[in-house]
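Okay, so here's the structure we're looking at.
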Amino acid sequence: MKIALIAHDGKKADMVHFLSGYKSQLHHADIELVATGTTGSHIERAGFNVRKLLSGPLGGDAQIASMAATKELAMVIFFRDPLDKHPHEPDVQMLMRICDVHNIPLATNPAAANLMFEQLTKDFDGK
Ligand SMILES: O=C(CO)COP(=O)(O)O
């Protein structure tokens, strides 16, 4: 199962903090993490294996949208910063739209991401 991770600059620390709470589950053999470039570097430094795509403003959000459109992703965790401006806002909107078009679970804040990961953990426990 592939999980996409994206965080705007003001939310990258939140992303690392969030993932740290699920370290053992995320080392599960069936889980592959993919992330936009800079988010991925932060995640990597925190000790996770992650495939890094392009940085968001250079097309990373679009790459993740493409994976969502081809049903490669089990879920998308996208911690957006609603208090900042982003030059690639059209890509951000496009990614969220594609998730809705293809019914891909999308969490845009830690509260929602926790609910989704709790379900994921339950699924593993049931195996
Ligand atoms: O801009 C982003 C999401 O829109 C994230 O990109 P980076 O992870 O490269 O900072």
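Cβ from N, Cα, C; glycine included.
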TrEMBL substrate site partner of His8, Lys12, Thr36, Gly37, Thr38, Thr39, Ser55, Gly56, selected from His27, His88: His88
Tertiary neighbours of His8 (substrate binding site) (same chain, Cβ under 8 Å, six or more apart): Gly56, Phe79, Arg80, Asp81, Asp84, His86
Distance from Asp61 (active site, proton donor/acceptor) back to Ser55 (substrate binding site), taken between C-alpha atoms, in Å: 8
